[in-house]
Structure formats: structure tokens, C-alpha cells
Amino acid sequence: MADAKGDEVLVEAQMPLGRWPILSYGVGHMLNDITSACWFTYLLLFLQEIGLAPRDAAIVMLSGQFADGLMTILAGEMIDRFGHFKLWHIGGSILVGISFSSVFGGCLLCTILGTDSYLVRTIGYSFFAAVFNIGWAATQVSHMSMVNCMTLNSTSRVALASCRNAFTMVANLGLYAIALVVFALVSTKACSDIVLQYRWIAYVSIFVGCCFLVVFYAGTKEPTLQSGSDCKKSARISWGYWFKKALYYQVALLYMLARLITNVSQSLIAFYVTRDLKMNEYSKAIEIKWNSRRLKSLLTIGAILWVISGAAVFVLPSQMHNLMYPLAMVIGAANALVMVTTIGLESALVGDDLNGCAFVYGSLSFLDKMSCGIALFVLESYEDSISCGETRGLYTVSRFGTGLIPSCFAVFSLLVTSTLKLQDTNPRAAPSATAALEAPLLV
């Protein structure tokens, strides 16, 4: 009787998902995505506008990245052991909303202690940056690891990941649309007015993200596949299982490089366009992203686009700053390609090994957070403070970080991609992995 019921569960799990479950799942990361876009685009600029030195602003971001990296490992381990994906997602989303508004809303610790000292401000912003990233990591790992436990149908898995990727792009475009409106409505007569612009951008971003969360919680059921009879037939997968797979290290490197390319460039592009190219504030809200079908080939194309556009950004003189608009389109396309394809490779790596899927997503995110935090800290440590209207030299940190360094990461990713062979995966996961490479990314 139990075997018959288990067989029914397996048959149902292998059926394709409908459009509504896919759509409701896809919007579940919108709060994370839109706040992340705001975080990497405007946080360093915001902190320096309120008086923090570039190195201390980088310390704030680094504290968040380290907290995020550690939380991804913890969340992955706890989810693999106990499940409850939506509970982790809800808890993380609450932390994201509260802490994100606290960072851009002002120094809450300064208000509590009744002082506005520089040290207290740095500690206060670092604390809430860490809280934000802890919540962000819990939401991210729970949401990403849902994919493999919602269905055994490989096409539906690709559709879930693709829908999530599509709404990530919507979130990025949405942020820049919000920024354009805020920049148009809130005038800036002094540097202090810029802080008010960032706060409005942050508050509106949280509101928009929370609206999409309502759709996610209403339309997405708690995944039960992980605790079903099929999963009980095998013991929980240990960490060592993944460390013995060559594909794990290849995907880890590619995912880390993709995140370094997008996050480092995104964090410094606002400095680059406004300070190096001397463009107006509206140009802080430019980025266009698109997505296409194949993983490995399009990862190669995305990396090549980054090499070309990064080199152009590095040598672009301020007198020709209007060329940044078409370059932003190329960068947006390149970012979309490298991120969509590497996330697809993560799902291909997991395959049908459901009892360890959260660890994979968590450990790869750990590498991403640590590497991005360290890279931004090192870059900002060499950045000089600058006041409003001050001129800058030709080869600045923001120019290196927006153009040359991401191009170097892209070259490295090309080398890793050339060694990628999915047939090295476990035979049990091979059909799913192959389907992940062959199925359309947007359904």
C-alpha cells in the first residue's frame, strides 16, 4: 500500500507543472533581486555621500558579504536536514525588509545611542548590512533549492529557473525605472539631497518587492518531494559527495566568476558614469538585460561580450561619454547571459540528488559572497575620497572595476567553460543535466 502511494507521488512529481505554479515561484525572489540591485548599484555611493571614507564604506559592504557567505552554508545545511523552505523564505524576507530600510533610512544605532560619531555610524551601518545579508541568504538558498524539490520533470525545472531568471531581469529594470522617476521628481541642489533620493529608491523598492512576495506565498506550495518516499530510499548526501565531482568545481568557478563580473561592475558603474565620464544623475539608472536559449555556448558569448565592452569602458574618455549608453546595453546583455547560464549549470549539477541540493546552492553562494566582498574591499581601499564637482584622473578605481577587472574575470570564465563536460556528472543526474542544457531558458 505504501509502495503504491509512493509510486503515485513519483508519477505526479514527474508530470509537468502548470503555468501558475511556475509564475508564482518565479516572482518569489523579487524582493531579494530588487534590493540586491539597489545594494550593489547605490550602497557604496550612498555611504560615501553621507560622509564615510571609501575604505570604511567597503568595510560596511564586506561585513554584509561575510555574513551572507556564512549564512548560505548554515541555511543550506539546515534546509537539507529539516526542510521548511517557505519558513526560511518568510523569515529571510522579513529581515531583508527591515534591515534594508534601516541602512538607507539612516543610522538607527546613532539614534539609539544619541550620538552621530563616525565610529558609531560605521558600526551601525555594518551591523544592519550584516543583518540584511543574513536575511537575503536565507531567502536565496531556500528559493533556489526549491526548484529540484518541486518537481522531477526536467522541463519544468528549467521553466522554474528560467522564470526566476526572467523576473531577476525585471527587478533590475524595475530598479532603474524607479531610480529614473525618483531622480526626476526629487531635485538635488546639494550633495545632501542625493541621500534623500537613495532613501526613496530604497523604500519604493521594498514596497514593490513585498507586493510580489504576496503572489509567491499565495501561489507556491511547500515542496514535499524532498521528504517523499523516493528521497527516503537514499541516505542524506554528505558534503564529500559533491567535493569528489569535477563538475562541482567547474560550476563553482563559473558561478563565482559570473558574480564577480556582475557585482563588481555594478557596484562601481555609478561612480564611473558620474565621476569619471561626468554624466548626469539619470545615467546612474541605465542597464538593459536580455536572455536566450543555450547555456554553454551563450556563456561563452556573454564572456566575449564582456571582454569587448570592458575594454571599451576602460579606455572611454569623458568627452565621448554618450557612448556609455550603447555600451550599457552590451554590458546588460553580457550580464544576463553569464548569470542565466551559470544558474542553469547549478541546476544541472544537482540533477536528481535532492537530499543535498541546498548545500550546493549554499556553498556556491558562499564562494560568491566572499569573493565579491573581498574584491570590492580591495578596490575601495585604493579609492580616494572625492567631493562634489572634483575632477578625477584617467585611470581610477571605478574605471578599473567597471571595465578591465570584469574583463579579466570573463577571460578566466572562458577558459573554465572550455573544460566543461556535463557527461562527467553522476549517471543518475545525467538526463536532467542534459535537459537543462537543451531546454529553452524562457518558457
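Cβ atoms are placed via backbone N, Cα and C, with glycine included.
Going by TrEMBL, these are the annotated features:
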TRANSMEM  87-113  transmembrane segment
TRANSMEM  125-146  transmembrane segment
TRANSMEM  166-188  transmembrane segment
TRANSMEM  200-219  transmembrane segment
TRANSMEM  247-274  transmembrane segment
TRANSMEM  295-317  transmembrane segment
TRANSMEM  323-345  transmembrane segment
TRANSMEM  357-379  transmembrane segment
TRANSMEM  399-420  transmembrane segment
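Spatially, the transmembrane segment (87-113) is adjacent to the transmembrane segment (200-219); three or more Cβ-Cβ distances between them are under 8 Å for residues at least 6 apart in sequence.
Listed stretches 125-146, 200-219, 295-317, 323-345, 399-420 were compared with the transmembrane segment (357-379); the greatest number of C-beta pairs under 8 angstroms is found for 125-146. If you look at the transmembrane segment (295-317), the same-chain residues 6 or more away from its ends with a CB under 8 A from one of its CBs are 254, 261, 265, 272, 277, 323-324, 327, 330-331, 333-338, 340-342, 344-345, 348, 399-400, 402-407, 409-411, 413-414, 417, 420, 436-437, 441.
Cβ atoms under 8 Å from those of the transmembrane segment (399-420) belong to residues 247, 250, 253-254, 257-258, 260-261, 264-265, 267-269, 271-272, 276, 296, 299-300, 302-304, 306-307, 309-316, 334, 338, 345, 375-376, 379 of the same chain, restricted to positions at least 6 beyond its ends.
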